[in-house]
Ligand code: 13P
Ligand code: SF4
């Protein structure tokens, strides 16, 4: 066995068709030793190699039952961290390009969350009335923070169940990093918008008055997804004029007024299942990432369903797109070579605390 790492330069200028052949060959050689997980936002050229596909909750659940030695994750960094945390000892998680991050996850970091939590507790006289909830789109150390402070993780699928659980424990929630998911979920549960103020971690007291903090039910971290932020109410209005019998479906990371004016709001799996199960000939405007919408539009053509992307501009998740056939072929061949690259390994203590919150989430949802 050759132990030298194969450098990425050897793959950089490989044509996509050549990569496809090499990926198929590598998968055949590795057999049951690897399993490839793929998020719905991945580009078709790598998505087609996924053994299991899903939204972030489904993929996290799959990990618990995998036997393969190598878990190759076609997704972004926080997803691969979750896979590593939930995998068995000895299993190795690989992310084909380490620069595939999530810009929303980067909008919260441990130092800011710790400071915010301290400031809030000071205003609340340290009365232990606030539960930290982190969206799964966050770094492992924030999940560990929640594990240490009686908090929990949520995904776009289970956010309402998780908020309900949190309110059965304590009065208030600090929700990070996505204000849109937090606001939409709180609103769907009947919480008035003025009891869900935005907490700006870069301002003293989050830019709020003490009174606003004392009255708040959910403090929404000032974070958002740059991709979903592009969707606008005007897109929905134009579609409804053109197709009065059509339906609008959006991901809850979309702006509040987009969710409010959609017929359905839910996770990537929910969006796929709703449209796949809809009647033939129905028309859909979809507010989520472009790769998912394009794939679905093609799949639905035989059923004569119109699946239209919500924005006029290209809203691809540019970090997800970094996982390309070149990187996938490169990582697989290094595994064959006995020298896996791009291993995602969360430090033990952090992983244990993060696992606490992930297990709690899986139990509650
Ligand atoms: P899902 O959990 O719905 O797959 O969403 C993940 C994500 O990053 C959406 O932008
Ligand atoms: Fe992150 Fe947005 Fe990309 Fe989802 S679509 S992975 S939230 S940047």
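Quick reminder: no glycine exception, Cβ is built from N, Cα and C everywhere.
Residues or ranges marked as iminosuccinate binding site in TrEMBL: 39, 56, 135, 136, 137, 156, 251, 252, 253, 268. DSSP classifies residue 137 (iminosuccinate binding site) as coil under the three-state reduction. With a 10 A radius on its CB, residue 137 (iminosuccinate binding site) counts 28 other CB atoms from all the protein chains.
Residues or ranges marked as [4Fe-4S] cluster binding site in TrEMBL: 102, 225, 317. DSSP gives residue 225 ([4Fe-4S] cluster binding site) a coil state; it is part of no helix or strand.
Ranked by how many other Cβ atoms sit within 10 Å of their Cβ, the binding-site residues 39, 251 place 39 at the bottom. Between the C-alpha atoms of residue 251 (iminosuccinate binding site) and residue 225 ([4Fe-4S] cluster binding site), the distance comes to 11 Å.
For ligand 1, the nearby binding-site residues are 137; that is, of 135, 137, 317, these have a C-beta under 6 Å from one of its atoms. For the pair formed by residue 39 (iminosuccinate binding site) and residue 317 ([4Fe-4S] cluster binding site), distance between Cα atoms is given as 12 Å, rounded to the nearest Å.
Within the same chain, the residues at least 6 positions away from residue 253 (iminosuccinate binding site) whose Cβ sits under 8 Å from its Cβ are 104, 156, 178, 180, 181, 224, 225, 227, 228, listed in sequence order.
Counting only same-chain residues at least 6 apart in sequence, those with a Cβ under 8 Å from the Cβ of residue 317 ([4Fe-4S] cluster binding site) are 41, 76, 227, 289, 291. The binding-site residues near ligand 2, defined by a Cβ under 6 Å from one of its atoms, are 102, 137, 225, 317, chosen from 39, 102, 135, 137, 225, 317.
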